[in-house]
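Before any comments, here is the structure.
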Amino acid sequence: MHTRPIAMTFFQCDQVFILFKKNVSHYNSPSPSNCLAVMTVVIGFEGSANKIGVGIVRDGEVLSNPRRTYITPPGQGFLPSETARHHRSVILTVLKEALEEAGLKPADIDCVAYTKGPGMGAPLVTVALVARTVAQLWGKPLLGVNHCIGHIEMGRLITQANNPTVLYVSGGNTQVIAYSERRYRIFGETIDIAVGNCLDRFARVIKISNDPSPGYNIEQMAKKGTQYVELPYTVKGMDVSFSGILSYIEEAAGKMLKCNQCTAEDLCFSLQETLFSMLVEITERAMAHCSSQEVLIVGGVGCNLRLQEMMGVMCKERGAKLFATDESFCIDNGAMIAQAGWEMFRSGQTTELSDSWITQRYRTDEVEVTWRD
Amino acid sequence: MAVEGNSVALPQFLKKIELIKQGAEARVYRGSFLGKPTIVKERFPKLYRHPLLDEKLTHRRTVQEVRSILRCRKAGISAPVVYFVDYTSHCIFLEDIVGSITVRDHIASTPLSSAQKLPEERLDQLAKKMGQILAKMHDEDVVHGDLTTSNMLLKAGTESGETELVLIDFGLSYISALPEDKGVDMYVLEKAFLSTHPNTEALFEKLLKAYAASSKKSHAVIKKLDEVRLRGRKRPTVG
């Protein structure tokens, strides 16, 4: 029975059917220990927000990492159902690209990793469904991966940082993380919204383009800003709070831009300076607390060169080293899920089909890091 | 008044005394001032910040620290005596609590019987004392802003043999009557406590019990603490 071509066609129609009839052989889960002697190839599926990516990793080498981004018009954010619809329409194309670029066939894959969470519900389900399908079609074990850990493991791989204090900053997350006793422990975080979310929502208020991403456009505008506008600065111990700053600047934008007190570029500049100073501060506190000499920045906001610059200055003052990656790995991508999956798989983990659900809330410190001492 | 001389004298003074640590916030020196053992806390400029932001922040934190310490002392809460403040270089000269260790070091050196069983009696007493002193501080509407076990000192008492708890590092503090702010204050402590000292949940519970018993306004604060605890977990995370 030729199930594979049918599967492709069904997904390309914007609907989801249950494909599995009794004739499909159940996938056998080969024990991971069999695979350790040979090279391990993992494919990763990521789509927890507006980026959908599929990546393939083989023993620390990224073989392919194609990605698509769902971009909304200026002034609008992305909603779950529309984002899921976008992902459904492109995921099989991206999957094909990933296999072709890597020059591999499904039989060459050892494990199928996907984002279990955290993230937006509908997009997560869409991607998980495809992962479950291919895992069963190809007869490969499944692995549900924590999105945040994907970022950390890819950052560690690319930069070869030893044991850094990690600043994970994106549209959905803002956490300062350090590894200790088999857990990625959260030392500091936002107590309300993520820093990327603050930037994205401000971008909507001043109606700048979301292409390629609102944060990128704010960064470009900030370079032209000259006047520093004072904004609230809210660091609470090792934690930060952004919703107050967002409300303040949304209101200020209305008033100040109308009276020409400052330009939108000045506001972008001031917002960046304030938000990033707060992030550098809580990172420094965590470093002082843990006596760490390395910093790794991961997550979409980590692409921002001004943030990297400021963190670099702080590190230099303390004699610490800064590690950062470029936008292909900072921004959500499939290979990071594959990499984390690779680590998990080789330490003996797999996810049963009955456990392959997704969850919108998944704390970084919930995962037992079985692949590190 | 030799204002000119003042701007040169202080950096020279700092060069001569012993730098004991460079924290995230400030450099801390130990020396002698007016014949008394002194700690000098110097908030130096942070080069990564925009100069206007840096100046505002540094000045505000220096002022807030001194104000909060004085307010606590007036209410009878143990905090170091403030000897002198230089607002140009943002230096605070404080009483050196000689012969003290941080609560953090104390807990780290006291072995817990095992992960499951209750911690030792001494730590129970310490948790109770911590709860009581924090209750007193919050009743004075002082929100510390950076409660960690590194910011509490244990000073060996002389006659009674009882140890005294001293609060330090008020740089992020402010005055607020809101239960929300006090709840967040306790949340910061809880997180710092549990991440630095694994498996001490029971100890922290004792601290909260003592806090609730000593403070008249504790009910609203504990309620807010529960809300803030959920916030980090309930917030949907994306990207």
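Heads up, the Cβ atoms here are built off N, Cα and C, so glycines get one too.
Predicted, not measured: the structure shown is a model, and the values here were computed from it.
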Return the residue out of A:Asp266, A:Asp326, A:Asp332, A:Asp355 that TrEMBL annotates for the same divalent metal cation site as A:His147, A:His151, A:Tyr168. A:Asp332
Report the candidate from A:Asn146, A:Asn260, A:Asn304 that shares the substrate site with A:Tyr168, A:Val169, A:Ser170, A:Gly171, A:Gly172, A:Asp200, A:Gly215, A:Glu219, as recorded in TrEMBL. A:Asn304
Integer Cα-Cα distance in angstrom, A:Asn304 (substrate binding site) to A:Tyr168 (divalent metal cation binding site): 13
Cβ under 8 Å to chain B, applied to binding-site residues A:Ser170, A:Gly172, A:Gly215, A:Asn304, A:Asp332: A:Ser170, A:Gly172, A:Asp332
Between A:Gly215 (substrate binding site) and A:His147 (divalent metal cation binding site), how many Å separate their Cα atoms? 20
Out of A:His147, A:His151, which has the highest number of nearby Cβ atoms, where nearby means within 10 Å of its Cβ, if these are the binding-site residues? A:His151
Counting other CB atoms within 10 A of each CB, which of the binding-site residues A:Ser170, A:Asn304 comes out lowest? A:Asn304
Please state how far apart, in Å and to a whole number, the two most distant Cα atoms are among A:Tyr168, A:Val169, A:Ser170, A:Gly171, A:Gly172, A:Asp200, A:Gly215, A:Glu219, A:Asn304, the recorded substrate-binding residues. 18
Long-range Cβ environment of A:Tyr168 (divalent metal cation binding site), under 8 Å and at least 6 residues apart: A:Cys148, A:His151, A:Ile152, A:Thr174, A:Gln175, A:Val176, A:Ile177, A:Val298, A:Gly299, A:Thr364
In Å, rounded, how far does the Cα of A:Gly172 (substrate binding site) sit from the Cα of A:His147 (divalent metal cation binding site)? 11
Can you tell me whether DSSP puts A:His151 (divalent metal cation binding site) in helix, strand or coil? helix
